[in-house]
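Engineer: First the structure, which I've put down as structure tokens, then a few questions once you've had a look.
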Amino acid sequence: EASSSSDDNVCCNGCLCDRRAPPYFECVCVDTFDHCPASCNSCVCTRSNPPQCRCTDKTQGRCPVTECRS
């Protein structure tokens with residue numbers, strides 16, 4: 001049961017657009033794993049047009065939900 005206690009060591013298999021905080025969307029992990037590269041431990045929203053969610057080693061990013069096409 002000590003496997004789900006820490007949220008610091010999770011990594012993303014992919015990122016998706018989660019509209020849980022309108023008028024913004026958040027980039028969140030699709031799946032998490034116990035063992036994975038530290039360079040992919042969260043998701044961020046790119047400044048492309050339209051914005052996309054991608055793996056990153058930085059904190060989560062947000063973009064206007066109106067520009068989220070996925």
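Each Cβ is built from the backbone N, Cα and C atoms, and glycine gets one as well.
Given the structure is predicted, the values throughout are model-derived calculations rather than measurements.
Below are the features listed in Swiss-Prot for this protein:
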type     : residues : note
DISULFID : C11-C68  : disulfide bond
DISULFID : C12-C29  : disulfide bond
DISULFID : C15-C63  : disulfide bond
DISULFID : C17-C27  : disulfide bond
DISULFID : C36-C43  : disulfide bond
DISULFID : C40-C55  : disulfide bond
DISULFID : C45-C53  : disulfide bond
Engineer: Near C17 (disulfide bond), which of the disulfide-bonded residues C29, C53, C55 can be found within 10 Å, Cα to Cα?
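Structural biologist: Those near C17 (disulfide bond) - Cα within 10 Å - are C29, C53, in sequence order.
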Engineer: What's the CA-CA gap between C27 (disulfide bond) and C15 (disulfide bond) in angstrom, rounded?
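Structural biologist: One finds 6 Å between the Cα atoms of these residues.
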Engineer: When you tally the Cβ atoms that lie within 10 Å of each candidate's Cβ, which of the disulfide-bonded residues (C12, C15, C45, C53) has the highest tally?
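Structural biologist: That would be C53, with the highest Cβ count within 10 Å.
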Engineer: Measuring Cα to Cα, how many Å separate C53 (disulfide bond) from C15 (disulfide bond)?
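Structural biologist: With distance taken Cα to Cα, C15 (disulfide bond) is 6 Å from C53 (disulfide bond).
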Engineer: In whole Å, how far does the CA atom of C43 (disulfide bond) lie from that of C55 (disulfide bond)?
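Structural biologist: Pair distance, Cα basis, whole Å: 5 Å.
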Engineer: Which of the disulfide-bonded residues listed here (C15, C45, C55) have a Cα atom within 10 Å of the Cα of C29 (disulfide bond)?
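Structural biologist: Near C29 (disulfide bond) by Cα: C15, C55.
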